[in-house]
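Database features, via Swiss-Prot:
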type     : residues : note
MOTIF    : 2-19     : motif 'SIFI-degron'
TOPO_DOM : 26-36    : topological domain 'Mitochondrial matrix'
TOPO_DOM : 61-69    : topological domain 'Mitochondrial intermembrane'
TRANSIT  : 1-25     : transit peptide
TRANSMEM : 37-60    : transmembrane segment
Amino acid sequence: MSVLTPLLLRGLTGSARRLPVPRAKIHSLPPEEKLGIMELAVGLTSCFVTFLLPAGWILSHLETYRRPE
């Protein structure tokens, strides 16, 4: 590394340290109506089918996906 490399890097990052970081203005209200059992069941089932079912299929059929040696 060159002798000037730390000076160049310090010059590049020095101005970024002085920039103010804006805070997010997130305000939320309470829900208008509570979720029922049916909505929760449909939501959890759709998450399971979307994410876990394909991963389980691939893991259970891993031997068929491997290349023959």
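Keep in mind that glycine also has a Cβ here, set from the backbone N, Cα and C atoms.
Summarised as a single figure, the pLDDT of the motif 'SIFI-degron' (2-19) averages 70. Within the chain carrying the topological domain 'Mitochondrial matrix' (26-36), a Cβ under 8 angstroms from the stretch's Cβ atoms is held by residues 43, all 6 or more beyond its ends.
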